[in-house]
Amino acid sequence: MVSRSFFFLHVLILFSLAVMAFSDLSDDFYEDVCPKALPTIKRVVEDAIRKERRMGASLLRLHFHDCFVNGCDASVLLDQTATIDSEKTARANNNSARGFEVIDKIKSAVDKVCGRPVVSCADILAVAARDSVVALHGPTWEVKLGRRDSTTASRTTANNDIPSPFMDLPALINNFKKQGLDKEDLVALSGGHTLGFAQCFTFRNRIYNETNNIDSTFARQRQANCPRRGGDSNLASLDPTPALFDSKYFSNLVSKKGLLHSDQALFSGGKTDDLVKKYSKNLRTFSKDFAKSMIKMGNIKPLTGRQGQIRVNCRKVN
């Protein structure tokens, strides 16, 4: 009887700790300690996007790739050292992830206005992603704050957990499910591909070897800048308006013009077809659901309280 009571008490304590960790995130976390933090992040993000519109998509992607590897803890920003297995060299990030210099600039500016390092790199990634979407005419949302920064990174986990552009729908659904995200989140968050570009090697097989679910004219157009051999880093936009948050990404999928195999998988006769159709016709619904799913993704396993640290330099552990 005693052992049974102890077991239930143990479960209750674990549940309470999980709830406390989640509740430690709040939208006014820096209001008292540094009220200028969020406006400063916004200013630096807007400056960076003004100089290069593509940067908005890059900052959004950094947050995504951070959260999918052991939670939203800024592990993606850590450089390789003798003790850090940097995620920057993982398959999805190597010679691909970008925007690190902008994050450095934000960190420097925020620490200056705050007088000391009080804003975590993980929170900077989350807010910069939101501000990037807004700068490119997308929706806004309240970013829950109070994340702390990891002291470790894992290239192996990044290789295993960041979704691949070659995945089919069941693999994508399972990949997102592992993060506590459902198929509605999968479709909404994939809509982040309304912004940005992809490298030739990520879609070469699709435009040369797929025939059933691709528009032939679209494939030929993409082949012009993505040869069968070479040109691996040549870029193509993920939708017709790569610096504008709109619903054309989904319209492309309905027309069999998804650039990546994993994009077109969302509209291929499966259980996500109806939602893709809905988003292709209704930007307002897509925007609302995208914001909701970004909040959900931003809450994946945050470090809070005394966990982790507030890094002085986002690229290395204190």
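Cβ atoms are placed via backbone N, Cα and C, with glycine included.
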Identify which of CYS34, CYS72 is listed by TrEMBL as the disulfide partner of CYS67.
CYS72
When the Cα-Cα distance from CYS200 (disulfide bond) is computed for each of the recorded positions ARG61, CYS72, CYS314, which gives the smallest value?
ARG61
Around THR194 (Ca(2+) 2 binding site), how many other C-beta atoms are within 10 angstroms of its C-beta?
28
Counting other Cβ atoms within 10 Å of each Cβ, which of the binding-site residues ASP66, ASP73, GLU87, ASP239, ASP246 scores lowest?
ASP246
If I take the Cα of ASP239 (Ca(2+) 2 binding site) as reference, which of the recorded positions HIS65, CYS67, VAL69, CYS72, GLU87 has the closest Cα?
HIS65
